[in-house]
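Here's the structure, in structure tokens; my notes come after.
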Amino acid sequence: MKQSKRYLVIVIGGGHAGTEAALASARMGVSTLLISHNIETLGQMSCNPAIGGIGKGHLVKEIDAMGGIMAHTIDKSGIQFRTLNASKGSAVRATRAQADRILYKSEIRYALENQDNLSLFQQSVDDLIIKGDQIKGVVTQMGLALMADKVILTSGTFLGGIIHIGQRNFQGGRAGDAPSNALSRKLRSYDLGVNRLKTGTPPRLDGRTLDYSLMQVQSGDIPLPTFSFIGVKEEHPRQIPCYITHTNKRTHDLIRSGLKDSPIFTGNIESIGPRYCPSIEDKVVRFNERDSHQIFVEPEGLSTNEVYPNGVSTSLSYKVQLDFINSIKGFENAQIIRPGYAIEYDFFDPRGLKQTLEVKKISGLYFAGQINGTTGYEEAAAQGLLAGVNAACAILEKDAWLPKRDESYIGVMVDDLITKGTNEPYRMFTSRAEYRLLLREDNADERLTPKAKELGLISEARWQSFQVKYNAVEQEKKRLKNTWIQANDTQANTILNQNISHEYSLFELLKRPKVDYQILSKIESGKPFLTDITLMRVIENQIKYAGYIKRQLVEIEKYRKNENTVLSTNINYNSIKALSTEVRQKLELHKPETIGQASRIQGVTPASISILLVYLKTRIS
């Protein structure tokens, strides 16, 4: 049976990648269908109830700068906000928020249902309609054919999902949801480089059975930060604390005694899990010299007693889970509401994707999220946004959006994935970016919002707000340059705790390491200073890091001369005999789109790149 209504874009999956993909496509004016196995789980936080963190917060800011929904949603559902690395440089400072997962999901659902050009449909997708090498649509569980020009697959952990608790395992996309086995089989019939990964989650606890008086209180920041550039702290719901406790020697002994039933250590699970989010049993074995590991006790929301003990992800048997949980300070009488588990699932080699996240071998099919080997809500959402934008661009015959490594963390992530691939769940960190001083949280809108305007992703009101903000920044910088402090100014010397030996502008004073905008504002200048903390930080960072940023821009310009040189997919690398056999094989396998991508393939040396450039010049001449 074929449905008569035709959509231009179909998005499969309603998680963090799927929702951003569908909203982006629809915002660009393209008729879009989001199809999910269960509409009640749209925007579900399957694991930890939090958004942001080091590197991840940067992605959320970039998604927001491009008109995405994640930042706005967490501003309306976040029950604790903190700035991480606050004492470090601005490049690595990051926002993190604890979420009320019920509120979060509700806000996502509201955004989806009220977006023009977007329809929702509840069904599992069992098959793809592919003719030749071109996607034509999808087939649902009930045999309904839905036709589309582009399809974006955001399957999360559902493809061939198997859940493990001790020696028991069963099929599932996550606890309580069926897997997508039929779709997994369909994709496996194509040569797309399928492999398996695993992730895990801790047991959820009944907060009424915990003794918080035995734990350390962890409060949020004051003043409260916001994620969205147009967000206001008044949008935040009631704020509540988190808590910290620790495992102990007895906890670790109980875990060791239960390893005989661990699917990880008995070989039932062979897939690789997240390096930076290991299970508690993995931590106990790998760091056997330690008698304690930190646990963040995180509330799941304002209207539930459920608690998420961050740091004890596990797939041990239920009995061992309960025993080791009850050995932890404050958890002595804890009751488990949901057991922890590990889940294995299919992912596909992201080196088989174009920079747009379109599958190289199947035109019009895009992959986003965990299907590409990433882990985390933020990484998934960023890929969904990119895939949604580029699917719409292809429909509208616009140039694709291809963010570069020096423009965004989204660009860093996609470039890493499509050039290097991954054999473990990929997580974003600031350390992955070469130019992280340019890729700060505070300037994500400056970097990306003009592109969002060009693509039709933001409203005119949002664009006006952006222009007002940066006009104010430029006006204030101009004022600081034209406001002078005289030599030996007594008030300035006292406030700055240093002698001003000759005349300085406020602009020059702000370059000093121990002088920030708020200190400067105490000096009598005869004119008002800004009171908006966001604008203060932007101005501070632009002035303080101007010299370093200038040097990085010079480096980038040199690099870009060859970075964007296009490599035709028709090049026969085996014919370039000056290249080593290894390099020829790798270039043939990956078919990089640019010299920059080729240079980041493992084993491709700078000498090989020089040979390629000579080859291209010879070919042109």
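Keep in mind that glycine also has a Cβ here, set from the backbone N, Cα and C atoms.
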Residue among VAL125, VAL232, VAL312, VAL320 sharing the FAD site, where Swiss-Prot lists GLY13, GLY14, GLY15, HIS16, ALA17, GLY18, SER180, GLN370 as binders: VAL125
Cβ-Cβ neighbours of CYS277 (NAD(+) binding site) (radius 10 Å): 19
Binding-site residues (ALA17, VAL125, VAL285), the one with most neighbouring Cβ atoms at 10 Å: ALA17
Rounded to the nearest Å - Cα separation of VAL125 (FAD binding site) and GLY273 (NAD(+) binding site): 27
Those binding-site residues listed as ARG275, LYS283, and which of them has the most Cβ atoms within 10 Å of its own Cβ: LYS283
Cβ-based isolation winner (fewest other Cβ atoms within 10 Å) among the binding-site residues GLY13, GLY15, GLY273: GLY273
For GLN370 (FAD binding site): intrachain residues, at least 6 apart, with Cβ closer than 8 Å: ALA17, SER155, GLY156, THR157, LEU197, TYR345, PHE347, ALA380, PRO425
For GLY13 (FAD binding site), the one of GLY273, ARG275, SER279, VAL285 that lies nearest, given that the binding-site residues are compared by Cα: GLY273
For SER279 (NAD(+) binding site): intrachain residues, at least 6 apart, with Cβ closer than 8 Å: GLY200, ILE264, GLY273, SER313, THR314, SER315, ALA342
